[in-house]
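Q: According to Swiss-Prot, the transmembrane segment annotation covers 1-21, 39-59, 87-107, 111-131, 144-164, 183-203, 218-238, 244-264, on the basis of sequence analysis.
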Amino acid sequence: METFQVILLALIQGLTEFLPISSSAHLILPSQILGWADQGLSFDVAVNTGSLFAVVIYFRHEIVVLAKAWFTSLASKQQTQESKLAWWIILATIPAVIVGFTAKDFIETHFRNTLVIAITTIVFGLLLWAADRMSKAQLTEFQMGWKKALLIGLAQAMALIPGTSRSGATMTAALMLGLTRDAAARFSFLMSVPVSFGAALLVTKDLVSSPAPIDYQALGLGIVVSFVAAYLCIHFFLKFISKIGMTPFVLYRLALGAILLGLLYL
């Protein structure tokens, strides 16, 4: 891979992974516009690892507190709001794990194409707009309860369909269930950690058995660029989301979906 290609794709991954705008919709654009070949499994692992490092480091204090509270609850059988949140994150992860293990190949074969990505980008953009407009926005992530956590987890599993956007689907569900914008974003980011880690392990297993050569310099650059882009994206999204709302991202998704349809049929 050329250096420009590595930087551009890693930037796209880092900037779109945690925004509700679909990373898969953006990663398909270079191949459609520039005619680039698929970047390969090893590069996918690299840029996803960079994004995972970003969210873990950004929320390192919260993750440590939640982990300690969770382990303490196992020993003491007493629950705090932090241990409950940790349990809810685990619960919300289960649907995506089940769907990922049982339907990953089917989804990759039947849904990873430009038409599906364009349609889901538009449809789930409209759902995000409706959720943001109708949300009661009263609950924090510590107040939602296990049923709401499970429903958000089901939304995350649905986001395995390309173009849906994991963060977009989970924030949409959280807003519909009454969480504030800040709480919806924080819970979405925190619940991305176990799912991203599991996905990285799953893809790494496939990578080990792949005979394709590995460009370690490109992978290292991809990890660094993806990490920096994702970290800055998380920081500024959380800083401004309560003020700007979801409308800018909805409009962007509609435009992006229209562009993809145009590239497909024009």
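A Cβ is built for glycine as well, from the same backbone N, Cα and C atoms used for every other residue.
Describe the structural context of each listed feature in the structure shown, including burial, neighbouring residues and relevant distances.
A: Residues 66, 70, 73, 79, 144-146, 149-150, 152-154, 156-157, 159-162, 187, 190-191, 193-195, 198-199, 202 of the same chain lie 6 or more positions beyond the ends of the transmembrane segment (87-107) yet place their CB under 8 Å from a CB of it.
Only residues 6 or more beyond the boundaries of the transmembrane segment (111-131), in the same chain, are considered here, and those with a CB under 8 A from a CB of the stretch are 20-22, 24-25, 28, 32, 161-165, 168-169, 171-173, 175-176, 246-247, 249-250, 253-254, 256-258, 260-261, 263-264.
Panel annotation: around the transmembrane segment (144-164), residues 22, 24-25, 84, 87-89, 91-96, 98-100, 103-104, 107, 111-112, 116-121, 124, 170, 172-174, 177-179, 183, 187-188, 191, 195 of the same chain, lying at least six beyond its termini, place a Cβ under 8 Å from a Cβ of the stretch.
Only residues 6 or more beyond the boundaries of the transmembrane segment (183-203), in the same chain, are considered here, and those with a CB under 8 A from a CB of the stretch are 18, 41, 44-45, 48-49, 51-52, 55-56, 58-59, 62-63, 66, 85, 89-90, 92-93, 96-97, 100, 104, 139-141, 144, 149, 152-153, 156, 166-167, 170-171, 174-175, 234, 237-238, 241.
Sequence-distant neighbours of the transmembrane segment (244-264) (same chain, 6+ residues past either end, Cβ-Cβ under 8 Å): 19-22, 25-26, 28-29, 32-33, 114-115, 117-119, 121-122, 124-126, 128-129, 131-132, 165, 168, 171, 175, 181.
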Q: Counting only residues 6+ away from its ends, which parts of the chain sit with a Cβ under 8 Å from the transmembrane segment (1-21)?
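A: Residues 27, 29-30, 36, 39, 43, 46-48, 50-51, 54-55, 121, 128, 165, 167-168, 171-172, 188-189, 192, 215, 218, 221-231, 233-234, 237, 246, 249, 252-253, 256 contact the transmembrane segment (1-21) from elsewhere in the chain.
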